[in-house]
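Written out below as structure tokens is the structure these notes cover.
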Amino acid sequence: MSLSTWSVATTPFNSVTSLIPHDGLKELDIPYHVLETIHYAHLEVDAAGVVSLPGNSPAHPRQWPLIRRLYDTVLICLVEFFTTVISNSGSSVVDAALPVLGVSRLSTLCCFTTLYLLGQGFGGLILPPITESFGSKYIYVGSTFGYALICLIIGLAPSLASVTVCRTLSGILSAMPTVVAVGSIENIWNASERVWMIYMWSFFGTIALSIGPVYATYITESSLGWLWVFNIAATVLGVLAILCCFMKESRPALVLQAHVRALKQSTHFTGLTPANQMTRPTLSEFAKTTLLLPLRLFFTEQLVFLISLMGATVISIPYLFTEALTVVYHDSEHLTTQQTSLVFLPLAAGLIPTLLTRLWDQHLASSRHRAHKTLQPEDKLTGFLLAAPLLAAGLWWFGATVPPLVHISPWISIASLLLVGFASLEFDYVLSGYLTDVYGSHAASANAAMCFLRAVVGGVYPLIGRQLFTTWLGGANNATFVLAGVATGYCGVAVWFRVGGVRIREASKFAKETVEKERASL
């Protein structure tokens, strides 16, 4: 064992009260009871008194009991589900809220949907680096409580001012489960386990996009009215906020620092410091570098840039469909409002077959493990390779089977939404997971760039959706064909990532440095 890697787990505990380096250059006085306490805390200390948290230590978040890790992960997914339901409910309450807000339909739509998503994009830029440096537990608690309170304000005191301010603020707070969750999952699950955990998180979020319009439409047209869309959300999220109080901080750097502080207090020995690569930055360092990290990754990392563009256009499609499907099925096919909202359910049903791709991912991970081979991020791109052509096929199919081009049974075009639903989840899961695997502890910041662009596109889609599918491009058919053409181009990108992804990653200096730091901490 070298001088820099003294391990308490292998240090003999006898009457010796100091560690003496082999070369005799320096004697480091660490009292026996301190060494023993560090040993029982499952930590390591080197000859300079620097304490580290090994990846195989029971104290490391990835080695916590299974029930502990599942509690935190499932809770994050539930918060993501309910906040996303509310995010895509805005367009469905617009017509009912018009008399209360007293402005045009477009302005009301902007208040309920566009401002929410722009707020989410802003929150996606500032919250990930904050949690990566200062922890996420208390921000989860505060953001969920805040979201519940904001929904309650809208439900009890609706006005143009309250809706405008509250929807913007709730959008900012929603970035915690929508963006930061990826980093939280990376902290507590290893690469093979993340196959299912990120899938669960993506599944909850994507199915919520499809359920949101159905939920809002049926509540709005019931005896309760549109205000109860937010009253119910306030109640549910208030309960989830209480449950968030029982989460544990999962950032390894902060877990280590908490252990070091506890060691100093219990042993009254102040010579211990946390490992350098895990130290918390000062506020000035944080403001200069970490806070701008999502923007820096977007403009300097080829992977982040391309994935953000693809994710923004595909994952935001449900926001476009809140207006587009109304044009196609309510205005042209003359379905009722409630019947039109049910058209979103095939998008949700399309998520079910994604379970098969996860089983394949798990099979591949197990095979690599048995063969003692490392599972590479590109090995988990199968879903992306399937989703790209299926998305293109679904959009071409939809565009060719709706009015005004043809007037046939609406069930034919509705069936195409199964493919779109499948692709939307695969894009979300695979692309988010890929960034998580590549950028490790900075996964939240890498995904923040995609979240920001997705939020901007998703906020603009409802504003232009009706015009896009009626007048601007000559009708719903041409508008869908444009989207289908873009999706067709993504098929080539999927193949490029699978074949040349390793070379792209190796060309990223930032990604390589992140991986090397994490390996050094294990």
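Backbone N, Cα and C atoms are what each Cβ position is placed from, and that goes for glycine too.
According to TrEMBL, the protein has these features:
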type     : residues : note
DOMAIN   : 69-503   : domain 'Major facilitator superfamily (MFS) profile'
TRANSMEM : 96-118   : transmembrane segment
TRANSMEM : 138-157  : transmembrane segment
TRANSMEM : 196-219  : transmembrane segment
TRANSMEM : 225-246  : transmembrane segment
TRANSMEM : 303-321  : transmembrane segment
TRANSMEM : 341-360  : transmembrane segment
TRANSMEM : 381-399  : transmembrane segment
TRANSMEM : 411-431  : transmembrane segment
TRANSMEM : 443-464  : transmembrane segment
TRANSMEM : 479-499  : transmembrane segment
Task: Closest-packing stretch to the transmembrane segment (225-246), where packing means Cβ pairs under 8 Å, from 96-118, 138-157, 303-321, 443-464 - done: 138-157
Open item on the list: At a Cβ cut-off of 8 Å, and with pairs 6 or more apart in sequence only, do we get at least 3 pairs between the transmembrane segment (411-431) and the transmembrane segment (138-157), yes or no?
Closed with: no
Task: Segment-segment contact (the transmembrane segment (443-464); the transmembrane segment (303-321)) at 3 or more Cβ pairs under 8 Å - done: yes
Task: Highest-contact recorded stretch vs the transmembrane segment (341-360), from 196-219, 303-321, 381-399, 479-499, CB pairs under 8 Å - done: 196-219
Task: For the transmembrane segment (196-219): best-contacting stretch of 96-118, 138-157, 303-321, by Cβ pairs under 8 Å - done: 303-321
Task: Tertiary contacts of the transmembrane segment (96-118) (same chain, 6+ residues out, Cβ under 8 Å) - done: 87-88, 90, 158-160, 163-164, 167-168, 170-171, 174, 220, 225-226, 319, 322, 455-456, 458-460, 462-463
Task: Mean per-residue pLDDT computed across the domain 'Major facilitator superfamily (MFS) profile' (69-503) - done: 90
